[in-house]
């Protein structure tokens, strides 16, 4: 079991060799993270989408102002996620656990999948301490959700505790890495020349505070077997040239229902939500 102390904060699942320049960059990144931590929680409260609109000025940022207004017509709420390099993974984790809090059957299946992933990681050669620390820590957390020990307010308190939240994130980083390694033949051709998949996973996926790139995003979505939609504030950022992108790829917009929807602003992801569909009430019988 992991002790919930700041000394145990994860930095990577493996040992990364760094140069002096890289250490300087890491120090600069950590300073930015510390500044961000002082300014915002890891996971914010749900807020009306009008909050997003208020961030942009019609005169100085007309394109973003227009897009924010368009989103506010489709989505009712936004949950801001701290921009610390973990925002995509954190948003996915929060969005998924929100679903599981209200879907016991899916929660039971998810726990079984997490335990299976622990075995898969061991077979892939991940260190035993990695699996016992990060995997067991996450599974214990999600089993407490299943058993009702962690209620919604407890879950969000944990998500906002640096001493525990980042251990939970490491499990998602590990299964992302594991999925890529299981499908190395499919993903290795997309890496920069001279970089092996093992190196990529160690430095870009398993290392904390690293932003998720396209390969990491696809791998996590597939590892979790979920469907997501990413809405883009910048119309030029979507891979298909549109205003949003569905994952896994190949789903038609008309039939695609995402489990989780993210908002991508340059370099950052937040969660956005549609208003729950209203249940139609039966018509009253005519008065005799």
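Each residue, glycine too, has its Cβ placed from N, Cα and C.
There are 22 other Cβ atoms within 10 Å of the Cβ belonging to residue 84 (active site). According to Swiss-Prot, the feature active site maps to 84 (among others).
Cβ environment of residue 87 (active site, nucleophile): 81, 211, 268, 269, 270 lie under 8 Å away, each six or more residues apart in the same chain. Annotated active site, nucleophile per Swiss-Prot: 87, in sequence order, evidence recorded as similarity to another entry.
Sequence-distant contacts of residue 244 (active site), defined by Cβ-Cβ distance under 8 angstroms and a gap of at least six in the same chain, are 229, 230, 231, 232, 238. The active site annotation in Swiss-Prot covers 244 (among others), and the record cites similarity to another entry as its basis.
Summarising the annotation, Swiss-Prot assigns active site to 268 (among others) and lists similarity to another entry as the type of evidence. DSSP assigns residue 268 (active site) to a strand. Around the Cβ of residue 268 (active site), 19 further Cβ atoms fall within 10 Å across all displayed protein chains.
Long-range Cβ contacts of residue 175 (substrate binding site) within its own chain (separation 6+, distance under 8 Å): 117, 121, 220, 223, 224. Under the three-state DSSP scheme, residue 175 (substrate binding site) falls in the helix class. Per Swiss-Prot, substrate binding site is recorded for 175, and the stated evidence type is similarity to another entry.
Under the heading domain 'OTU', Swiss-Prot lists 76-275.
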